[in-house]
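J.: I'd like to ask some things about the structure below.
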Amino acid sequence: ISDHYSTPNMQSLGKLISCIFALFSQFALALIPHYFPSFSLLTHLLLSALVLLVFSGVGKFFRRLLRLHASAPAFVFFNTLFIWGVHIAFIRKAISLLWNVVFNLECGLLLFGLHSIISADPGLVAYEDATSKELIRNEEAGVLRTGLCQLPDVKLQENSLPLRRIRYCKYCKVYIKGFDHHCPAFGNCIGQKNHLQFMVLLMGFVMVEASYIVCSTKFLTKLLIFDKAIMESNLSGSLAISTRLFSILQIIWQINWKSYPEFQKNVQNYPGQFNVEPRFKNPYDKGVLGNIKDFLSAKE
């Protein structure tokens, strides 16, 4: 459920649940390097992914049992804040001033961007007549038929703009211009007005996590040289390793196009093949000339 469409009390409770869940999951991840310090990086990654999956499953079970709703954007926010806190508490002491400035600036901009996209207008369709009988595609009249499914019908105000890819979001229960997908992590739809912001923010997360991996690696390298026993048993060492593992998993997930079903196309390698495999596909790519024509014909 999107935070935009829940009561203030439910939003506060959801944020509290997300904060608790983020803290418990982060400290659970810290137990992996603490109890299994001699394991390889790959084994640590697999164990961390397993822990996160278990926490996700247990969390969903108890939320359904207690009929509570967590806030996915708040979960993202608190995890980012936790990593930033580990950096300020421990890692900043072992890295250069330049890296400190860069990482703190990145985190500040990232949290500002996260707050902005949660409340951003993705391209909500304006209504002239909420009781319209049919949603048909007619660029001259400014009315559109999706051709995909039967949806509640509305008439659009922007008659001058060829309105493409207007789709209904079942989570937010609204029509969005240039609808790409609903992003649970940001609690908002991604559409015509915030798609660029979404891409920039996604790259911002990758940059912050990559910077943190570099900074935490520098910290762990100095800690290892100083005293290996401290790195294996100290809270700072365990948290530095676990948050680095978390950041690596996040990068792997964020750059994986298979996370977005809309960008997949099932293909057969040869005729008669029973199994198909997903391949990357941009459903909105009309070729170079087609894309240029669409761009030039679109008028705000």
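From the backbone N, Cα and C atoms, a Cβ is placed for every residue, glycine too.
Marked as transmembrane segment by TrEMBL: 12-32, 39-58, 70-90, 97-118, 196-215. Per TrEMBL, domain 'Palmitoyltransferase DHHC' is recorded for 164-254.
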J.: Quick check for me: are there 3+ Cβ pairs below 8 Å between the transmembrane segment (12-32) and the transmembrane segment (97-118), leaving out pairs under 6 residues apart?
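T.: They are not in contact.
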J.: Which residues of the same chain, at least 6 past either end of the transmembrane segment (97-118), have a Cβ under 8 Å from a Cβ in it?
T.: 3, 73, 76-77, 80-81, 84, 87, 186-188, 194, 197-198, 200-201, 204-205, 207-208, 211-212, 214-215, 218
J.: Take the domain 'Palmitoyltransferase DHHC' (164-254) and count its residues per DSSP category (helix H/G/I, strand E/B, coil), listing them in that order.
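T.: Each residue of the domain 'Palmitoyltransferase DHHC' (164-254) counted once, the result is 58 helix, 12 strand, 21 coil.
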J.: Taking every residue in the domain 'Palmitoyltransferase DHHC' (164-254), what is their average pLDDT?
T.: 85
